[in-house]
Amino acid sequence: MAPSRRDLQLTLVTGDFSSSSDMEEVRLLDSYDDGEDVLSKIEEGGNDSGLRKIQVGVTGMTCAACSNSVEGALMSVNGVFKASVALLQNRADVVFDPNLVKEEDIKEAIEDAGFEAEILAEPVTSTGTKKTEATLVGQFTIGGMTCAACVNSVEGILRDLPGVKRAVVALATSLGEVEYDPNVINKDEIVTAIEDAGFEGALVQSNQQDKLVLRVEGILNELDAQVLEGILTRLNGVRQFRLDRISGELEVVFDPEVVSSRSLVDGIEGEGYGKFKLRVMSPYERLTSKDTGEASNMFRRFISSLVLSIPLFFIQVICPHIALFDALLVWRCGPFMMGDWLKWALVSVIQFVVGKRFYVAAWRALRNGSTNMDVLVVLGTSASYFYSVGALLYGAVTGFWSPTYFDASAMLITFVLLGKYLESLAKGKTSDAMKKLVQLTPATAILLIEGKGGKLVGEREIDALLIQPGDTLKVHPGSKIPADGVVVWGSSYVNESMVTGESVPVSKEVDSPVIGGTINMHGALHMKATKVGSDAVLSQIISLVETAQMSKAPIQKFADYVASIFVPVVITLAMFTLIGWSIGGAVGAYPDEWLPKNGTHFVFSLMFSISVVVIACPCALGLATPTAVMVATGVGATNGVLIKGGDALEKAHKVKYVIFDKTGTLTQGKATVTTAKVFSEMDRGEFLTLVASAEASSEHPLAKAIVAYARHFHFFDEPTEDVETSNKDLQNSGWLLNTSNFSALPGKGIQCLVKEKIILVGNRKLMSENAITIPDHVEKFVEDLEENAKTGVIVAYNGELVGVLGIADPLKREAAVVVEGLLRMGVRPIMVTGDNWRTARAVAKEVGIEDVRAEVMPAGKAEVIRSLQKDGSTVAMVGDGINDSPALAAADVGMAIGAGTDVAIEAADYVLMRNNLEDVITAIDLSRKTLTRIRLNYVFAMAYNVVSIPVAAGVFFPVLRVQMPPWAAGACMALSSVSVVCSSLLLRRYKKPRLTTILEFTKE
């Protein structure tokens, strides 16, 4: 796959940054763009140096030392120009000279270092055509997992499959994400492997773009199904299809180059003359139905077990006190009494019919060399059941009737199923935030049909999942906007709070962008769809949240380790309990009065042993972290804070430094010229025209501000916010002078020729290098500007200084309060900017930041972060995600504010949807509360096992004379995991801090 912009920032192959410390914020993107251009040339094979760039998959890296070892091995190869190894991505980007070294040599160098290597497919072809994906990523539901041991087992089995590149399984969501090579293995084989492991598997969705799942209404009989199949067979572009006549689901694989999804649906409905009504099924809709089905299935099992257990309770407790029933139960029928026959029959159904799932899951876990909670349940219930059967048979042969414990087995299974049902309900609640996001998308949209000349000739209602880029859609007042796009007619206010967290409705007019899933408040709108499907903002948010929920926080490694040894340890403790109490009884260590009626020392010891087996619960440990992470990421998304993974969520709680960029982060990012002073014979209008002509070719925000100011001066127009449109208008307006030899000078300014004379626009360094003398009164004027938090831009024309412009960027209203709030939280704010020292200090003083680093360009910002990280401190970076992307990548926690670009999503760990600094506080506060909740979950889960196992083993029996029966132990075990999930659900009550409460924070 093509490298991301984040990768490009980290693997620049050209460019001298030795003078980075002297550079100011003028042309901050120069180093970024230059490096990107070179790498893009290398990728396309069109660079003059003849270098090539490949990506190599590296397997076996476990730490930074491994990645350093691989990088060193690659750099030692003659002909390798640049090597960058990403530990988490298990990938190396290598730039090399194909005349000196071959791909196989690079692969062998990595293998000689002790790692496995695989040359990945070329990112882009030389013609720039889209490359065919070498692998697919499929999302599978995995039913039946109960603890972290199950997760480890499934992950291990999936990763061992041929053709599987990566596999991640999440217990909280019962989902697995598998990256696989479709040429080696298909989804059906993956599902089979999951089922062979003892779990239920089904594909939810993949990144294939040529598959459509439809719900078909109108199939009433076999003839209707045959008609539908005939229609599909005749449609062009349909490769294959599968119709489930019971559920009415139709899965169609088609060629998107031949037929679009909407044309496919229209074709089926048209050929069927309205008989069939089709609706596109969202993958999330199928997932929700799967979750509901799992809970319903568990509820049915619980009710079945409960219905069969109630007669056992009456037989054991109530009937002996009723003479008629007691006489019936003690009536001997063959070798046993009627009561024994009834209990044996009822418990057998519960044990082997209702409880079959435990045996199946336990057997498959053991077959794969792992253990889980099902093994403990099977051991405990089987011991109770088969001992009771043995006691009956022994009594029939010898006449000595020992007590039976059929009821313990039945009630144990009933309580475990109750716990699993409650747990499934609670786990479903953890994904409520995700479900709310999915429900934001409307089911249908109104498509406007255009005739010749773009004239509207009609409208029709279509499925919202069938919207295509370029469609013109109608949005009624009060309805949801169906897709991302731009307004082409009408005006209104749109509530975007559900996506961005911004509570104030946003005004929308012609050419205003709109986001799918938001609500049109007042007027009717016509909009043109620009981004649909996975490209839409809402889909990207959902994808980010999903990815975060799939990821494992580092703190979960502890639970994974404990889970791997938990069951063997518990079984060992149970055996010691059985042996200890048995030996104690044999040597007379305790009196026979402790034994149950007609009981033996073995029976007495066995009950303790069974209680130990069934009370121990690895599930609570396994659920402690993923459920909290899942709830937190969902809560964050509903508050406009997108968290990219459990790792980022965990790191943010220990942030010591928060580094702020100045422009667009602490300030509003809307630079305006406040002062224009001429220091020559030139009049003001001529001066502004001259400067605007020079700056019109620059893309820098300060240049745009200067040009907009000059335009307003001449024409009294309000400057447009659309930079691209404004630029075209400026170039075509005719009032600007012709320029030539334009050059942007990083860290200095710009220069070009106007009327065959050189004009310089920039800072003092630019003037000094061109021997332009700055008079004292001009220097004093510039210093005054800078001390008032304004940027002074000096202009020289034909070798003489002609004027100065003062540019201001207003601070955000919440900046000072947020800075003070961070200080109260024990976090040290630092401002790092490319602007000059005077302006930087003035801005920092205004917001309350004491530590300032000025005249630093993007690459230098990353160095500042690394210097702070040397003592092990956790550093967060808050920036706009474009010119700050190197720093966002270098920081332990990168926060892209405003979510304006794909670079922000790629480089940052947190994406703050609103352009509001309060969300920085929210991100850190949510992280702290989540980690506190995870620790409480662990404390509870560990404390439960530490306290309950000794109680169940009878450690306190000699003192308290209280024995925990197996059914009570099973109830405790079932409720322990439910309580952990409910503890995580308390995070749903999280409320983001407001400006009025931020200053109430105290240092942790």
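Glycine too: its Cβ is placed from the backbone N, Cα and C atoms.
The domain 'HMA' annotation in TrEMBL covers 52-118 (among others). Per-residue pLDDT, averaged across the domain 'HMA' (52-118), gives 74.
Taken from TrEMBL, the feature domain 'HMA' applies to 136-202 (among others). Secondary structure of the domain 'HMA' (136-202) per DSSP, as helix, strand and coil residue counts: 22 helix, 24 strand, 21 coil.
What TrEMBL records for 210-276 (among others) is domain 'HMA'.
Taken from TrEMBL, the feature transmembrane segment covers 306-329 (among others).
Among the features that TrEMBL reports, transmembrane segment is placed at 341-363 (among others). Listed by sequence, the residues of this chain that lie at least six past the ends of the transmembrane segment (341-363) yet keep a Cβ under 8 A from its Cβ atoms are 144, 146, 198-199, 301, 304-305, 308-309, 311-312, 315-316, 329, 333-334, 372, 374-375, 377-378, 381-382, 385, 388-389, 392, 404, 406-407, 409-410, 413-414, 416-417.
Taken from TrEMBL, the feature transmembrane segment covers 375-397 (among others).
The feature transmembrane segment is assigned by TrEMBL to 403-422 (among others).
Per TrEMBL, the feature transmembrane segment maps to 558-583 (among others).
Summarising the annotation, TrEMBL assigns transmembrane segment to 603-624 (among others).
As annotated by TrEMBL, transmembrane segment applies to 938-960 (among others).
Residues or ranges marked as transmembrane segment by TrEMBL: 966-987 (among others).
Remote same-chain partners of the transmembrane segment (558-583), defined as residues 6 or more beyond its termini with a Cβ less than 8 Å from a stretch Cβ, comprise 147-149, 151-152, 371-373, 375-376, 379, 552, 589, 601-602, 604-606, 608-610, 612-613, 616, 618, 621-622, 624-625, 938, 949, 953-954. Panel annotation: around the transmembrane segment (603-624), residues 146-149, 151, 171-172, 372-373, 376-377, 379-381, 383-384, 387, 391, 402-403, 405, 408, 412, 423, 427, 559, 562-563, 566-567, 570-571, 573-575, 577-582, 585, 594-596, 934, 937-938, 940-942, 944-945, 948-949, 951-954, 957, 963-966, 968-970, 972-973, 976-977, 979-981, 984 of the same chain, lying at least six beyond its termini, place a Cβ under 8 Å from a Cβ of the stretch.
Under 8 Å from some Cβ of the transmembrane segment (306-329) lie the Cβ atoms of residues 337-339, 342-343, 346-347, 349-350, 354, 406-407, 410-411, 414, 418, all in the same chain and six or more residues away from its ends. Long-range contacts of the transmembrane segment (375-397) within the same chain, counting only residues at least 6 positions beyond its ends with a Cβ under 8 Å from a Cβ of the stretch, are 335-336, 340, 344, 347, 351, 355, 358-359, 362, 365-366, 403-406, 408-409, 412-413, 416, 567, 570-571, 574, 603, 606, 609-610, 613-614, 616, 966, 969-970.
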